[in-house]
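Per TrEMBL, the features are as follows:
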{"type": "ACT_SITE", "residues": "E122", "note": "active site, proton donor"}
{"type": "ACT_SITE", "residues": "D262", "note": "active site"}
{"type": "ACT_SITE", "residues": "E355", "note": "active site, proton donor"}
{"type": "ACT_SITE", "residues": "E376", "note": "active site"}
{"type": "BINDING", "residues": "T466", "note": "Ca(2+) binding site"}
{"type": "REGION", "residues": "495-519", "note": "region 'Disordered'"}
{"type": "REGION", "residues": "585-604", "note": "region 'Disordered'"}
{"type": "SIGNAL", "residues": "1-29", "note": "signal peptide"}
Amino acid sequence: MEPFTQSLHFLFFLFILLLPNILVYRTLADGVTSDEARQLRDEVREMFYHAFDGYMEHAFPLDELRPLSCGGEDSLGGYALTLIDSLDTLALLGDRERFASSVEWIGKNIQFDINKTVSLFETSIRVLGGLLSAHLIASDYATGMKIPSYDNQLLNLAEDLARRLLPAFDTPTGIPFGSVNLLHGVDEHESKITSTAGGGTLTLEFGVLSRLTNDSIFEQVTKNAVLGIWARRSKLNLVGAHINVFTGEWTQKDAGIGTSIDSFYEYLLKAYLLFGDEEYLYIFQESYAAAMHYLFNDPWYVEVNMDSAAIVWPVFNSLQAFWPGLQVLAGDIDPAIRTHAAFFSVWKRYGFTPEGFNLATLTVQHGQKSYPLRPELIESTYWLYKATRDPRYLAAGRDMIASLQFGARCPCGYCHISDVEFHKKEDHMESFFLAETVKYLWLLFDLAVGPENLVENGPYKYIFSTEGHLLPATPQISLAKEHCSYFGAYCKSGDSKEKSDTVDISDDPQETNGSKVFGDRSHTGFPSDSFFGSIPATGLIKQGFCPGLTHGQKYGITYIASEDVSTTQKESTAVQSHSVVVVSDQTSIYSPSESQSDDNDAQT
């Protein structure tokens, strides 16, 4: 290790050791009673309607609200973005009238044959995801929110939109362009550089669309994008922040769990949980193990060079705050608790989390002082409370509500905070405030008072997209038991075999090559019960397999070196597999009595 790097490590840990009271939230706030939790839940509902009504009155049908001046603006495509992004929150709150009228208006008035160049990532997670989630709710009697007059209008819009996005995937690597024109496709001068999150956070929305339309093209192109990114990982199993979609060369080699990468990790695990595709689980296991080994400086995460693992930025950025929630889904609870406590200490210090907080100087990172109403820390708070039922997370939620109410509330909605140190307001409200921020706060306190909502008591288990949209594991979507053991990896002549047999959900341990692929499908990271237990198998399917292949070879996942090396040399770069314990057994879940005394915080 270089002397400079050693010094940086020493200073980094010295600050953590000497200033624990600043960096870690050690003391619990006063307990939240049941009555107070109910009042807080109702307060969050009022927060939603203050912002939603402000949008509908002053900004609709423009994309987003200007909450300070009570106006509107088109920020993405000019198609009532905030309304589309808010649909499933309306359904979650049980607002049948507003949900039905909003669905009807969108079905009659929105069209995508417009000359607009849009972000592939933002359009997919906000618009495509919003349409699909609302369609699945509006078309199903089991949700209790079915609209009698609904006739798949949102699904038709979603399919039309996705087909207009498909040209972005026409690249040599399969990794998509970052932007696409909805009328003309990709502009000839479009940048060939995209972020890892932008290229790797599309599988849920496009995959659901494929299952609903019986057209595999949407699922195929997004899966190819993930494989294109993963194939170009470093020898350390790390991915960088930005990549050239034509050459596959990394143009920014900073590896982290935050900005430009975050939801790549998120969708690996969630695509497995929703679709039952073990290829995603395998990649998640390998990438998660590498992240925990090279990026985790307990309880914080740093950014490192993807090739050397040398620290590049000892900075907490607010997009990292989703990570403890993802760890809950993966069953890795203990580090999630510690990291959340550290991240929340930053919120406590400023009233919000700045976009960047420097861990060496313990100050807000220059140029990253804003808080644009992000949901990530609130999301992780919800998941940790769901897993542990520790009242500290209700106290944290109460503090977050207070910050938003006293620091961000504006005449017609909620304002961005442009400077967390001085709580200066900015006249902008992202659509994700209604899609995610208040949604997770409401779910947190509804869970505390005895939930009666679609997510907790509905007919399905739900996966939340990275935009907070509800995607149900219905038999049509979650073909968990209809997976094949061979996905097209190369087999030598004469080695390939096929068989037609009844579905067998047990996995051959010889195929895992040391990386645990779970035969028991109930091990899904949902603390309450089995995720796939109620999904029926559907009869006979074809399964193909190649004898003697490793798990990685079976799935066709190959490592592409930056220089031309032999196959033997390539194989020697593989890092030993590690397993992620995805749990559902209640006895494996953290309980407050087991905690240590000091455990008391894509954007493309």
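Backbone N, Cα and C atoms are what each Cβ position is placed from, and that goes for glycine too.
Cβ neighbour count for E376 (active site): 25 (other Cβ atoms within 10 Å of its Cβ, all protein chains included).
The most crowded of the active-site residues listed here (E122, D262, E355) is D262, judged by how many other CB atoms sit within 10 Å of its own CB.
Between the CA atoms of E355 (active site, proton donor) and E122 (active site, proton donor) there is a gap of 19 Å. Nearest Cα neighbour of E122 (active site, proton donor) among the listed recorded positions (D262, E376, T466): T466. For T466 (Ca(2+) binding site) paired with E376 (active site), the C-alpha to C-alpha distance reads 9 Å. T466 (Ca(2+) binding site) is surrounded by 27 other CB atoms, counting those within 10 A of its CB over all protein chains shown. For E376 (active site) paired with D262 (active site), the C-alpha to C-alpha distance reads 11 Å.
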